[in-house]
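For reference, the structure is listed below as structure tokens.
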Amino acid sequence: MVSECRTNPHRVSAHARSANRQRGGRGSVRGRYDNCADRSPGRFSAAAAGKGKGKDPALSPGLRRQGARVARHWMWRLIDSSLALWCLMMSLTPTRGCLLDLPWEDILVPHILCHLPLQQLLSLQRVSKSFQSLIQLYLANMRCFDSSQIGPAIPRAAFVNLLKDNEVLQQLALQNCSDWLTDRELLPVIGQNHHLHHIQLKGCAQLSRHALVAISLSCPNLRQLSLAHCEWVDSLSLRSLADHCKALEAVDLTACRQLKDEAICYLVQKCGRLKSLSLAVNANVGDVAVEETAKCCPELEHLDLTGCLRVKNDSIRVLAEYCPKLRSLKVKHCHNVAESSLSILRSRGVELDVEPPLQRALVLLQDVVGFAPFINLQI
């Protein structure tokens, strides 16, 4: 590929330029490839495959027919993937090296393919068997897998096939697999990837507590875990997580309604490095869990208590006292939390999701009568 892009277009022989002009410009495959500026995949056409008026005498009729047939086939199948079309043309170059000639493990996988969207890579492997082998090698050495890069929904069989040979994953995001993901698909992936430090399982409701136990046993270096809306999370599986994953920095337990204060207290006592914690939409969480979190996690920066109806002012004051690095706090729909406790955090510049009482009253007045009087709130 490097040698192709460095080709000097002025080195084309005078005879070749004359023949090219007689054929009407860029009418042959070789005429297209001799000029590096003309190799953009968007300009690839039937004429480039030997279907134009001119015929390249240097190419056999069989090669021209084969190139045209393959080009038409992949042009329509991969029309949305310009990368795949470009690689197809490079692989058909008759006289020069192609992309696949570069070292796969030293150059293509770590320096080129890692910068491309996963969806395009999956399309690229359909170009040829060689490209399929290259993409399979990349998938086996992939560090990050995000199902949202493939599309709105990834089939179950495709997920199993993509990760069957990978043992070096570091980040795993499966929120787009929530409709079908079960322990049967997830446990083999977790069991063979012991370097995971970021796992996203938001909304994966068909898993069981065994999935969280497997994560805790296989991923000792786990730092970020999202279990939002996973109601199967219980106190026993959370205790296993706390015992084995003490490097946790961010945990999302939104709507994990089986968890109570005791389970949250055990988690924060074991995982004192927590910087972000979400306990939102859980009516079982109260002042005990919030106060223990404040005392055990001095590095806490973000706390989400949205909809925790049992949380009161006392725990918010403790939070303000023990968490000097707190940057944001969400307490919307916490009806027992008043401005008297929030004002301490507000004066420190902590981002809150509720407005001061006077400003809320002005917003309500504007909604009712259509306007609000101007009041200088800085007085």
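Backbone N, Cα and C atoms are what each Cβ position is placed from, and that goes for glycine too.
Predicted, not measured: the structure shown is a model, and the values here were computed from it.
Marked as compositional bias 'Basic residues' by TrEMBL: 8-24. For 31-41, the entry in TrEMBL reads compositional bias 'Basic and acidic residues'. Summarising the annotation, TrEMBL assigns domain 'F-box' to 99-136. Taken from TrEMBL, the feature region 'Disordered' applies to 1-63.
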The domain 'F-box' (99-136) [mean pLDDT, rounded to integer]: 84
Composition by DSSP (helix, strand, coil) of residues within the domain 'F-box' (99-136): 30 helix, 0 strand, 8 coil
